[in-house]
Amino acid sequence: MNAATPRRVEHQLTDKGYVPVYTTAVVEQPWARYTPTDHEVWATLFARQREVLVGRASEEFLRTQAAMGMTPDRIPRFDDLNRQLRRATGWELVGVEGLLPELTFFDHLAHRRFPVTWWIRRPEQLDYLSEPDLFHDLFGHVPLLMNPVFADYMQHYGLGGVKAHGIGPAALVNLTRLYWYTVEFGLIRENGGLRIYGSGIVSSKSESIHCLESAAPNRIGFDLERIMRTRYRIDTYQKTYFVIDSYEQLIEATAPDFAPIYARLARQDSIPAGAVLDTDTVYQRGSGEGWLEDGDV
Ligand code: PHE
Ligand code: FE
């Protein structure tokens, strides 16, 4: 299904030559066409991550994932998961080819539709993949959509994205950082310790260990405007992880109108990915070991 099946990609002529553009269309999950290898990749990753995440992932993540009925046996059918999801929070999964243009993505979220990449990585890509695949999207993002508070946060984010898109590119940069440091790479305080809820972490074995146990990264308390100013890493572990106290905190902190915030942030410099500020609530100041100087985006 992966290497053998051509993806629906169009090519668009730009000043860099022809570049691939994934179709924005919603596609039916071609479930019957997954190969035994595809199901094995799912099974291997699923078993490996469930094990690594015991005691590391948020209890709510582990609970919702089990409640949805995701199992290692075979790649789940979106239709089956959708029955649970619709009943729990009114969200539904839609299949897509891969990364979507920003506005299309925001529009899905604003309507409580979560786009899931239908294809899964190849066996030689178990540890790292530079773009989202089915494992990242389904295993990482979908469980917490069963939680009513997190489900609302995701929809509000989509609505906020449509709005930021109308304001301009700088606003979108600020908003994207918020998504990165919460939805993708967030940590949460639970039972007196730190746990993972970010999908970019829970779908990676090595980062699941690194983000909690390594001395290298900073671990800093959630602060909305601070996060919206902070650059991040796309090709290495994060230099900084931000910690929320509860899922409610996400809703409460993001309830205000962001328009004046974007205006204020436009006059301030961005913060390097690894910086620690005097105003930060520091759970751990990172040793910085292994950090690359360049490459914050
Ligand atoms: N309150 C934000 C706004 O006015 C919307 C938002 C909510 C953004 C939740 C992100 C997360 O733009
Ligand atoms: Fe993601």
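Including glycine, each Cβ sits where the backbone N, Cα and C put it.
Feature annotation from TrEMBL assigns Fe cation binding site to HIS136, HIS141, GLU184. Less than 8 angstroms from the CB of GLU184 (Fe cation binding site) sit GLY198, SER199, GLY200, ILE201, each of them six or more residues away in the same chain.
Annotation comment: TrEMBL describes 1-297 as domain 'Biopterin-dependent aromatic amino acid hydroxylase family profile'.
All protein chains included, HIS141 (Fe cation binding site) registers 22 other Cβ atoms within 10 Å of its own Cβ.
By the rule that a residue counts when its Cβ sits under 6 Å from some atom of ligand 1, the binding-site residues HIS136, HIS141, GLU184 yield nothing. Taking a C-beta cut-off of under 8 Å and a sequence gap of six or more, HIS136 (Fe cation binding site) has these contacts in its own chain: THR117, LEU129, SER199, GLY200, SER203.
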